[in-house]
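Asker: Reproduced below are the annotations present in TrEMBL:
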DOMAIN    A:12-144  domain 'Aminoacyl-tRNA synthetase class Ia'
DOMAIN    A:277-466  domain 'Leucyl-tRNA synthetase editing'
DOMAIN    A:709-736  domain 'Aminoacyl-tRNA synthetase class Ia'
MOTIF     A:710-714  motif ''KMSKS' region'
BINDING   A:LYS713  ATP binding site
DOMAIN    A:787-902  domain 'Methionyl/Valyl/Leucyl/Isoleucyl-tRNA synthetase anticodon-binding'
Amino acid sequence: MDYQFKDIEERWQKFWASNKTFKTNTTSEKPKYYVLDMFPYPSGAGLHVGHPLGYIASDIFARYKRLKGFNVLHPMGYDSFGLPAEQYAIQTGQHPAITTESNINTYRKQLDRIGFSFDWDREVRTSDAGYYKWTQWIFMQLFNSWYNIDADKAEPISTLIEKFSTSGTLNVNAVSDDDTIDFQPSDWANYSETQKQEILLKYRLTYLKESTVNWCAALGTVLANDEVKDGFSERGGHPVEQKKMMQWSMRITAYADRLLQGLDTVDWPDPVKEMQKNWIGKSVGASVRFKLNENDALSSELSSQQIEVFTTRIDTIYGVSFLVLAPEHELVSKITTPAQKADVENYIEQTKKKSELDRMADTKSTSGAFTGSYAINPLNGELVPIWIADYVLAGYGTGAVMGVPSGDQRDWLFATKFNLPIQQISDAQVDLNIQADPTKEGKYINSGIINGMDYSAAVATLNQWIEENNVGKAKVNFRMRDAIFGRQRYWGEPIPVYFNDGLPYLIDEEELPLLLPEVDKYLPTETGEPPLARAKDWSYSANKYSYELSTMPGWAGSSWYWFRYMDADNNQAFASKEAIDYWKNVDLYIGGSEHATGHLLYSRFWNKFLKDLGYTQEEEPFKKLINQGMIQGRSNFVYRVADANGKPTNTYVSHGLKAQYNCTAIHVDVNMVVNDQLNIQQFRNWREEFKTAEFILEDGKYICGVEVEKMSKSKYNVVNPDDLIERYGADTLRMYEMFLGPLEQSKPWNTNGIEGVFKFLRKFWKLFHDNEFNFVVSNHEPTKAELKALHKIIKKVQDDIERFSFNTSVSSFMIAVNELTDLKCNKRAILKDLVVILSPYAPHICEELWVLLGEEAGKLSYAQFPMFNPEYLVEDSFSYPVSINGKMRLNLNLSLNLDAKEVESIVLADENVQKYLEGAIPKKVIFVKGRIINIVI
RNA sequence: GCUCAGAUGGUGGAACUGGUAGACACGCAGGACUUAAAAUCCUGUGCCCUCAACAGGCGUGCGGGUUCGAUUCCCGCUCUGAGUACCA
């Protein structure tokens, strides 16, 4: 019997499932290793060939680690709350839970066919009540915590209340959205319950606040910053506008510095670290207050107002020649003089008209308007005009900047356009008539107290001065905002909060989970309330209080799920202490880079928070991260010829000849195309309209055009893994996905080469079988050549897997099996090791051969990865080409002492060369891996 | 604009710390087996000159440099992809 992959794979998948071969125990003498995949959202379309790429890689690594003697945790689950199921529910009325369940079943079937070694007993689903009970529980912990800056960690809110009642705000150094709070312990005692709760809400790590949010009308919900791309929603591409709303937020900004510092401790791809760094956007500088100058047009009350600016270049403050406010800045209307009123209002009007996109596209032109007012530079008392311009953003820093044309190119352009002075403040030789000098070189001139200083001295001096004179202070600013947490949607975790007197309170912990109620429709109510408002008899404490109606965002459930896998069925805790102490954190995490500023950042935040409260041990959740590349679709086209009148005919011209015709490209299903050659019969049967299709061929073939696009149904370029498994088997699919190229690289899918991998597996199978397909192995001692072939592959595969270069190890397998086939090697000792080495890649065929070799079924996964012995790889002949002075390449017979790394004598094979070298003394002999490569004379 | 990644045959890609560039696979061409096809096996395959062989020349986006030796290191440029965007 030939290699019967279907039979083999079905049999072993059944065996693994019923014997729970990959069940992992938490207590083990072995060292632990945690291999995690980013769990999928179970969409209705099922898996295409790109999805399992990362899963195959992680499965290979998990299996390899088991062979290396580790206790490996390798689980899988579903991120099953989310928008598509809800959108589908709105259209069809079907409960999202039903859609989700059926999608999960499809996913599971598809995953099972690939032969992963997941421990399915640990499966999690974020939409299960048993799971989201703990998502809600973590929310409650966040609500009940504040961030103590002195301790640099989160603490229970009770310690804050303690401080308030003993010493008021005096000893409180906390992250809060209001740094003006100031009271005595006696005040605290006299505050009403409502007042107390209002104050505490400003410190809680999850809090309710009126804030500007990204509102997506089409989706009927708010979105987080990372869910908005260029002014449109990431899912669906609907327009997003800014809107003020009462919203739940997560105080992730409290962790900004730790999130930044932690990046230095993890083994992650640089681009992802870079993205997170930019997203957090730390900038060190100073905040300075400019007093307004008294002015006839302004009331004296206003002249006591100040404009606060944030700058990273306090050292250039003597060069300030104007201030700029964002058009939305609250002071704009107050400080605009009557003479300038029309100008300013006109400018604000223009700014409003510009859409978000226009504003981003138009970064070149400089625009602005003068308010007519002046501020006073606190350092030199000079008057500086106050302008407004849309290059200053209301949402960043203080919404106001100081303009220094000599030190900042944008300020320089602004000054040049509006004829504002450009003051030189550095002795660096730069012509300020041409451009600004943003460098920090040179000594300061025309700069009062910092004249003659260099950059760092100037910054230190000025920071001290502004603090002493109470006009500002050194400050660190972050670009990152707190994360909006509420969503006006149905299919998400209910927020475990009820309202009393307009203030939020947590429900009793005993009442978790707060179940998602049933509703008649999944749309907002007529009055614009979220869908949960439709729930009947859904309120807290015997109808006394109403529940929070928004639900949690998609990222809530995925921000802690790796802990749940450690102890998936626990009903008393999100995971037991023993399980967390043993598994600690994820050693290897594989997933797409699209989660760089979303999931990966939120997960690190929650991980740090849970650590602060003492529930977990590790500061970082994912030690090593690998981003698998995206698999793109490779679309094929046929070219329909139009007749003289431009009317389409039913004739199609091959790609190479299309220039001679007037034709249009039509997507054709890639599954009817092999090596870009169209299967004409299949095409005719594809659709009724093609039944009578005629073809203009080249060399008797119809060649299709090719384009790389996103893989999608509408482009007919989706390749389904099930079809390939049907034809070639799961082992071939697994190996081929790895063979395709480096894991991290994005690439278009191309099925063309899969035959090569399939042929390899057949060849491998045949090594163990004679021509009549009988299983035959010999018990003879292996020869040196056979051992060499074996140990070469042991070393190669081990090195390749350790550095996640799976594509090259597949190639090495092919070489090894070719060598052993040439040697007609069917020796048990060699083949047994070969099966072990190959099993992470092609587990089914290896399991089959393992048993045929007389070993116990199911034990292959825990066999020992063979030890590499370098002795087998030593060269025994020293006749090979060597170059002289890196130039000519000659065959030499050498006699040398390898230990001494010196040539004892050189015997030249060629007389001519001997002549050439006569009398020359080798200056240097270059060895590489014990071989002479080059002789320098 | 900024940041990062990349550019190697007809194609996907190898070459791990500089050391015989093009492994391995696809495709293509030729051959064996077959009535035939499929499957399988064998041979060839970077480009140029050459009937062919020997030999030679050119070759890792482009231009320089370091080195006995550069796909690999350095400088400058071109192009492609990704991220980000007036962040003060």
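Heads up, the Cβ atoms here are built off N, Cα and C, so glycines get one too.
All annotation found in TrEMBL is predicted automatically rather than curated by experts.
Locate each feature and note its surroundings.
Answerer: Below 8 angstroms of C-beta separation, residues 5-6, 8-9, 45-52, 56, 59-60, 110, 113-115, 631-636, 667-671, 749, 751, 753-754, 757-758, 760-761, 810, 813, 841-845 of the same chain, each at least six residues beyond the ends of the domain 'Aminoacyl-tRNA synthetase class Ia' (A:709-736), sit close to that stretch.
Annotation for A:LYS713 (ATP binding site): same-chain Cβ neighbours under 8 Å, separated by at least 6 residues, are A:ALA45.
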Asker: Under the DSSP assignment, what numbers of helix, strand and coil residues are found in the domain 'Aminoacyl-tRNA synthetase class Ia' (A:12-144)?
Answerer: 71 helix, 11 strand, 51 coil
Asker: In this predicted model, what is the average pLDDT of the domain 'Methionyl/Valyl/Leucyl/Isoleucyl-tRNA synthetase anticodon-binding' (A:787-902)?
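Answerer: Within the domain 'Methionyl/Valyl/Leucyl/Isoleucyl-tRNA synthetase anticodon-binding' (A:787-902), the model's average pLDDT equals 81.
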Asker: Quick one: DSSP breakdown of the motif ''KMSKS' region' (A:710-714) into helix, strand and coil?
Answerer: 2 helix, 0 strand, 3 coil
Asker: In the domain 'Aminoacyl-tRNA synthetase class Ia' (A:709-736), how many residues does DSSP put in helix, strand and coil?
Answerer: 18 helix, 1 strand, 9 coil
